[in-house]
Amino acid sequence: MPQRTLVLLKPDATRRGLIGEIISRIERKAGWTLAAMELRTLDTATLERHYGEHLGKPFYEPLMEFMASGPVVALIVQGESVIEGVRALAGKTNPLEAGPGTIRGDFATITRENLIHASDSEESAEREIAIFFPKS
Ligand code: CMP
C-alpha cells in the first residue's frame with residue numbers, strides 16, 4: 001500500500017557526516033521516493049509538538065536538548081509500505097538491540113543519539129508531516 005512517512009535525520013547524523021549514507025539507503029529501496037527534504041535547526045515549539053507524547057518521561061529533557069543541538073534533515077518519503085519499511089531500515093530504538101545492516105545497528109551506540117526518527121503509524125505520519133511540512 002503506498003504511504004507517506006516523516007523521517008528526521010537527527011543532529012548526530014548531521015554532525016557525523018552520515019546524511020548521505022542514510023538517505024542513500026532509503027533512496028535505493030525500490031519504489032520509494034523523496035517527496036520533501038529540508039535542513040533546519042528545530043525550535044522548542046516544533047520539538048514540543050513532535051515529542052509531546054514523551055512529556056514527563058525521564059529522557060524527555062535531554063532528548064529535547066539533543067534535538068535542538070544542531071541541524072536536522074526532515075524528509076517525507078513515499079512509497080510502498082514505507083512506514084514499516086523505514087522503521088525496519090532504521091532498526092530498534094536502542095542501537096545495541098538493532099541488527100547489523102540497520103542504520104542504528106551499523107552506526108549508533110546509545111539510545112538518545114540514534115541518528116534517525118521515522119513515524120510509527122499512518123496517524124503519526126500525517127500528524128508529523130503536518131508539523132514539519134504544513135503545506136503538503
Ligand atoms: P525517536 O524515534 O525519535 O522517538 C523518541 C526518541 O527518544 C527516540 O527516538 C530516542 O532518541 C529517545 N529515547 C527513547 N527512549 C529513550 C531512553 N530510554 N533513553 C534515552 N532516549 C530515549
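Cβ coordinates are placed from backbone N, Cα and C, and glycine is handled just like the others.
As written in TrEMBL, here are the features:
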- 2-136: domain 'Nucleoside diphosphate kinase-like' (DOMAIN)
- LYS10, PHE59, ARG87, THR93, ARG104, ASN114: ATP binding site (BINDING)
- HIS117: active site, pros-phosphohistidine intermediate (ACT_SITE)
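Here the features listed in TrEMBL are painted onto the structure.
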{"residue": "LYS10", "record": "ATP binding site", "Cβ within 10 Å": "25"}
{"residue": "PHE59", "record": "ATP binding site", "Cβ within 10 Å": "12"}
{"residue": "ARG87", "record": "ATP binding site", "Cβ within 10 Å": "19"}
{"residue": "THR93", "record": "ATP binding site", "Cβ within 10 Å": "14"}
{"residue": "ARG104", "record": "ATP binding site", "Cβ within 10 Å": "23"}
{"residue": "ASN114", "record": "ATP binding site", "Cβ within 10 Å": "22"}
{"residue": "HIS117", "record": "active site, pros-phosphohistidine intermediate", "Cβ within 10 Å": "21"}
Rounded to a whole number, how many Å is the Cα of PHE59 (ATP binding site) away from the Cα of the residue listed as 'active site, pros-phosphohistidine intermediate'? 15
Check the recorded positions LYS10, PHE59, ARG87, ARG104, ASN114, HIS117 for any whose Cβ is under 6 angstroms from an atom of ligand 1, and report them in sequence order. PHE59, ASN114, HIS117
Residue counts for the domain 'Nucleoside diphosphate kinase-like' (2-136) under DSSP, helix then strand then coil, are 60 helix, 28 strand, 47 coil
Taking only the CA atoms, the spacing between ARG87 (ATP binding site) and the residue listed as 'active site, pros-phosphohistidine intermediate', expressed in whole angstrom, is 8
